[in-house]
Structure formats: C-alpha cells, structure tokens
Amino acid sequence: MSNSLPVVAVASLGGTISMTPSDAAGGVVPTLDATQLARSVPGLSEVATIKTTSLRQLPSASLGYGDLMDALTWAEQQVADGASGVVLTQGTDTLEETAFLLDLFWKLPAPLILTGAMRAPQAAGADGPANLLAAVRTAVHPDSIGRGVLVVMNDTAHYARWVSKGDALAVQAFVSLDGGVAARLVEGCPTFFHARQTRPQPLARPVRAWPKVAMVTAVLGDDGELAEMALKGGYEAVVIAAQGAGHVSFGFAERIGPLAAQVPVVIASRAAGGSTASRTYGYVGAEIDLARRGAHLCGWLSPLKARLLVTALLASGVAPGAVGDALANWSKLTRQ
Ligand code: GLU
C-alpha cells in the first residue's frame, strides 16, 4: 500500500518547530531533527512516504545565504531522486525572506514548501505537527505544481512573492496582503484561488560572493545620513524602505543622486502593503523626483524582498548598472 504513496522529502533547518526547553539557556532552543518532527505528526505516513534529512539546527535569524543554497541543492537533488515535493521546516522569523530567496532560484515544477511553527512542540496547542502535515499534503497535491515556493502555515498556503509575517507571536502569523493567499486547506486538501502565473525566469546560481545590500528605513526627521554611511561599510546597493508610496525628506532626497551615481538605489514602500507610485507626487523627495535622481522604484516588492532580489541579482552576475532594468522586468512579470 505505502509503495503507491508519493515520496516527499522533508528537511529541517531549526526554528521553533524544532525547539525544546533548555534550563541552561532559560528558554527553548533548536534540538529536534527532521525524523523526530515527522514522527510527531499523526497520519503523516498515510499521506506520503517521508524521507527525512536534518540540514541545520538554527534559529532562523542565523540562517545565511550558504545555508539556503545548500538547502536548495538538497531540494533539487530530492526531486531528481524521485520526490514529488519537498518540505523545509525552519523558524518563522525569516520565513518571508527565505521563501522569496529560494523562489528566485527554484526552477522545478515540483512544489517546494516551507513551514514552521509559532508554538514550540511542548506548548499546549503546538502548531508544528499540523503545519508539517498541511505542508506535506500541499506538496503532494497536483494543483501545487508549477507555483514555485509556497509557505504553508495555519492551513493556508502563501506565495513566496506576497507572504509576510504579520504578527510576532500569534498562530495566525502570516499574511499575503496585496496578492492574497494562494490556497486554504480544507479537510486536508488545498484549494487554490488563482490560476498559475507565469513565473519569472529563475536566476542563475551565484557566480560571485554574496554582496552586502543595505536596507535603510526612512523615518521622521531623517536626512538620509545612514544610507550614505552604508557605502563606507562596503555595501554594493541600498534599498530604502521609504515613507508612503516611495517618499523621503528634502534632505534625504539631496543624497539620492550622489548615492545612485555609485551604487543601485532602490525605493520600496515601508508600509505594510501597497506599491510605490511612479507619477503621482511631484514634490522634492517624492517618487518622481527620486526616479529623476537615479533611484529605482520597486513597485509592490516589500523592502525585505527588494533587498533579497537586488542581492541575488548581483550575486548571479547582473551588473550594477543593469539592476534597475532587471527589477522592472521582474516586477512586470509578477504583477497580479
Ligand atoms: N518565532 C520563531 C519561530 O517560529 C522564532 C525562532 C526562529 O525564527 O527560528 O521559529
């Protein structure tokens, strides 16, 4: 019977889903591996034949680009070896970033699903087992094919493109404000709400060291000094989480031209949702002025995701002078 089940490869990277109490640390720390996680899920073996691997045991803030590229290589290998889908478990703190970064490079139709937990395994109402079960169910579902990387949490699937962590501790932590959620799981079965979108061409694997790309939030009373200081720190591009639809102060605006003459400067909105504008506001420091000074407006991309896209573009060999066009092209293809 189990021979007819699809194979799903599950790898653990750490996070709350894998954490148990440590007296020495005074709180929970990652200890459980993928095999232990899979064993804790009632009914998992009836959904798929599970192959487990433990890749890392890290809190997700400490995952690095190398860890994620290793996970990507591992995931591609699992599909090559016959897995129908792949699931990565990790901490939720950086899930919106890791999912997006992996999605930029994921070239296979097979689903790559990321999941985690908001409550550690010992907590009353721990959500890890339910999330892992939902992730595996999504991984084996034919409607999940060709949708890139999905985040499955709380019986909801999110596209890597849109997902963000909307709450620090609640079980319903993830939202997809602008694009909407990808699917909801009902009785274990994902119902997708959109037809598949044409996905942008996956990026080539990095051909150079990962560049440092700064993300600077424009705040009240700010003259942009921090953005300028990033250059002294060796940052190769600056993403500005700007006010509203892509706006900064007069003083900040004056720094944009000289900055953009040296490195790509990307303007995202620091608002929780919504896009940068392109032809609405005409004052100094607004989107039209910043674009004239050489900055690139990144539309619907959140600052976190814009920073990763610029980082990945540079790492995969795109020249700094071509980042603006690459960003525009990417945004065009992913507009819904
Ligand atoms: N809330 C986080 C989690 O869900 C904390 C730790 C982490 O991101 O690794 O896993």
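Cβ from N, Cα, C; glycine included.
TrEMBL does not curate its annotations; it predicts them automatically.
Just so it is clear, the model here is predicted, and its values are computed rather than measured.
The domain 'L-asparaginase N-terminal' feature in TrEMBL is assigned to 8-188.
According to TrEMBL, the active site, O-isoaspartyl threonine intermediate annotation covers Thr16. Take the CB of Thr16 (active site, O-isoaspartyl threonine intermediate) and look out to 10 A: across all protein chains shown you find 24 other CB atoms.
Sequence-distant neighbours of Asp93 (substrate binding site) (same chain, 6+ apart, CB under 8 A from its CB) are Gly15, Pro59, Ser60, Ala61, Lys165. Asp93 (substrate binding site) falls outside any helix or strand according to DSSP and counts as coil. Taken from TrEMBL, the feature substrate binding site applies to Ser60, Thr92, Asp93.
Per-residue confidence over the domain 'Asparaginase/glutaminase C-terminal' (212-320) averages out at a pLDDT of 97. The domain 'Asparaginase/glutaminase C-terminal' feature in TrEMBL is assigned to 212-320.
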Inter-residue C-alpha distance, Thr92 (substrate binding site) and Thr16 (active site, O-isoaspartyl threonine intermediate) (nearest angstrom): 8
Env. residues of substrate site, Cβ within 8 Å of mean position of Ser60, Thr92, Asp93 Cβ: Gly15, Thr16, Pro59, Ala61, Gln90, Gly91, Thr94, Leu95, Gly116, Lys165
The one of Ser60, Thr92 whose CB sees the fewest other CB atoms within 10 Å, among these binding-site residues: Ser60
